[in-house]
């Protein structure tokens, strides 16, 4: 919403205008929306929201790529260089590379919900066959759009490329298209937030259900009918925990409203255990490969190299957050 306001302001008052808007209230509004949407009981009930989020993601990615390509054609040249953004010192360049690696690690987050998605599939064909095809397709499509947005964006603006092409105002016109793309970003984030939060909700609520098997607060559902044709189930445990979760996440977002740096930290935390270590260990266990075999040694060397790289990305991203917050 802040980006949409800025876009309209730049269109009305010119690109040099000072169009500053407070972002905190929009974060709070987003949090309130998530409190409501978080009451969706579980992952299988989110099919419609996932579809909307996916469509919105495709829409703004296509718009961003097209605007970048159009800007390159308008410039008549490809800006930037193979070495990327220059920095004042070699150390600063090293830290920027680390943060970039964290951003790349975050670029393929579907592994976090891989098993939850697989659980929603119906057989035949076997779920693992379907998921293999879908994951390959998702990786290819995602990579294509990332390369288009990143490549065209850097080619269009060079070293002045903003961290976010749409909200960072690489593009000003056509303002209505930029507004529409940013509206798609909002809807995508509403759905994406839930897709990645629902597994956390489910795990915590299962733990409470096992811990307090006789608690009505945990187990009892209340059916509410605010309208004659509409009814929904309310569970006080679900309402309390999910509201507290959203409130905490919103508070963190208000304290650290730094997109690229926070994304780098998130990517660095989740990438190695979920994308590298556990799949490698599961493969070795499933195939019953002895630890001293060359394949097992190669897998473990690979996981250790990835661990070193991701620790480097994590430290660099944490530094980026600290510098952005206190520097």
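Glycine residues also receive a Cβ, built from the backbone N, Cα and C atoms like all the rest.
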Matching range for TrEMBL feature annotation, transmembrane segment, among 22-47, 48-73: 48-73
175-196, 197-218 - the range that TrEMBL marks as transmembrane segment: 175-196
Contact set, same chain, for the transmembrane segment (297-322): CB under 8 Å, 6 or more residues outside the stretch: 94-99, 101-102, 105, 256, 258, 260-262, 264-265, 267-269, 271-272, 276-277, 280, 283-284, 291
The transmembrane segment (48-73) versus listed stretches 93-115, 175-196, 265-285: most Cβ pairs under 8 Å: 175-196
Same-chain residues at least 6 beyond the ends of the transmembrane segment (93-115) whose Cβ lies under 8 Å from its Cβ atoms: 43, 85-87, 131, 135, 138-139, 142, 146, 195-196, 198-199, 260-261, 263-268, 270-271, 274-275, 309-310, 312-317, 319-320
